[in-house]
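Asks: One structure follows; several queries about it will come next.
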Amino acid sequence: MTKKVVFLDRESLDATVREFNFPHEYKEYESTWTPEEIVERLQGAEIAMINKVPMRADTLKQLPDLKLIAVAATGTDVVDKAAAKAQGITVVNIRNYAFNTVPEHVVGLMFALRRAIVPYANSVRRGDWNKSKQFCYFDYPIYDIAGSTLGIIGYGALGKSIAKRAEALGMKVLAFDVFPQDGLVDLETILTQSDVITLHVPLTPDTKNMIGAEQLKKMKRSAILINTARGGLVDEAALLQALKDGTIGGAGFDVVAQEPPKDGNILCDADLPNLIVTPHVAWASKEAMQILADQLVDNVEAFVAGKPQNVVEA
């Protein structure tokens, strides 16, 4: 029997999506955002493929034929999983694809911020070097990576992959996770002892704004905060104030609370030498995206074969 499959935001994945191994009718759209568009485009579809399209309870109620939501990402906070479960809809996600791309982005942000690479490069373009009385100048502090301490909040597969890279660079690694593991420390230790802190936890009601003004004040004044996970983990207003006040040394963010920031965002709009914001691309190396695309199709094919894999529980 032919299955109707719809990819609602194909533009979000720059990789080849191979043809399915079962009889199917396939349709893709570059982007889909409004509930009305979602419902219209998924009429009669059994399988929805999405990346960041919001699948809320009111929308799902209007899609009686839907049986599978295949998310082209690890995070599934865009899906109302409880509503999906109640309606008999299976939700699957992508796992273990970003083992190089995200850690490398974290390390890149760490080097850029600790070594003040961006502000110094910008100063050269402004002509500051031409005007210098010496062969160099020290407008922005530079700190070594080797010998410094990395604090990892969320010690899953990505956290462990980053830890290996950090140790190879000569860093001391501290890690915190809500799930007990040998060798972990508490959050207070991470905040007070780390030179660089990187976040790798999902966005849940418990983790929303887990880093706010109180936590930022506990960090070293030279410390760097890196977030390549979810924007809602950090109170952005508190972070911006901390950067302006010198409460912490800098921040590197690949995510913000609302994406895309169509109405502006205080971090994206800020002009600070100690802040780097990239447009949610830490996951998006060419290699990683192809691994993701292949696994996305694998997930759909496994479901159709009656052997669902990578199922996300409500």
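Cβ atoms are placed via backbone N, Cα and C, with glycine included.
Features from Swiss-Prot:
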type: BINDING; residues: THR74, ALA157, LEU158, THR228, ALA229, ARG230, ASP254, HIS280, VAL281, ALA282, TRP283; note: NAD(+) binding site
type: ACT_SITE; residues: ARG230; note: active site
type: ACT_SITE; residues: GLU259; note: active site
type: ACT_SITE; residues: HIS280; note: active site, proton donor
Asks: C-alpha of ALA229 (NAD(+) binding site) to C-alpha of HIS280 (active site, proton donor): distance in Å?
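Replies: With distance taken Cα to Cα, HIS280 (active site, proton donor) is 9 Å from ALA229 (NAD(+) binding site).
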Asks: Round to the nearest Å and give the CA-to-CA distance linking GLU259 (active site) with the residue listed as 'active site, proton donor'.
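Replies: Cα of GLU259 (active site) to Cα of the residue listed as 'active site, proton donor' measures 9 Å after rounding.
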Asks: So of ASP254, TRP283, which of the binding-site residues has the fewest other Cβ atoms within 10 Å around its own Cβ?
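Replies: Result for the binding-site residues ASP254, TRP283: minimum number of other Cβ atoms within 10 Å at TRP283.
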Asks: Is LEU158 (NAD(+) binding site) helix, strand or coil when read with DSSP?
Replies: helix
Asks: Would you please pick out, from the binding-site residues LEU158, ALA229, VAL281, the one with the fewest other Cβ atoms within 10 Å of its Cβ?
Replies: VAL281
Asks: What count of other C-beta atoms do you get within 10 angstroms of the C-beta of ARG230 (active site), across all chains shown?
Replies: 22
Asks: Record lists THR74, ALA157, LEU158, THR228, ALA229, ARG230, ASP254, HIS280, VAL281, ALA282, TRP283 as binding NAD(+); longest Cα-Cα distance in Å?
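Replies: Between the most distant Cα atoms of the NAD(+) site, 19 Å.
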Asks: Please report the distance from the Cα of THR74 (NAD(+) binding site) to the Cα of HIS280 (active site, proton donor), rounded to the nearest angstrom.
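Replies: Rounded to a whole number, the Cα-Cα distance is 14 Å.
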Asks: I'm trying to understand the geometry here, so how far is the Cα atom of HIS280 (active site, proton donor) from the Cα atom of ARG230 (active site), in Å to the nearest whole number?
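Replies: The Cα atom of HIS280 (active site, proton donor) is 9 Å away from the Cα atom of ARG230 (active site).
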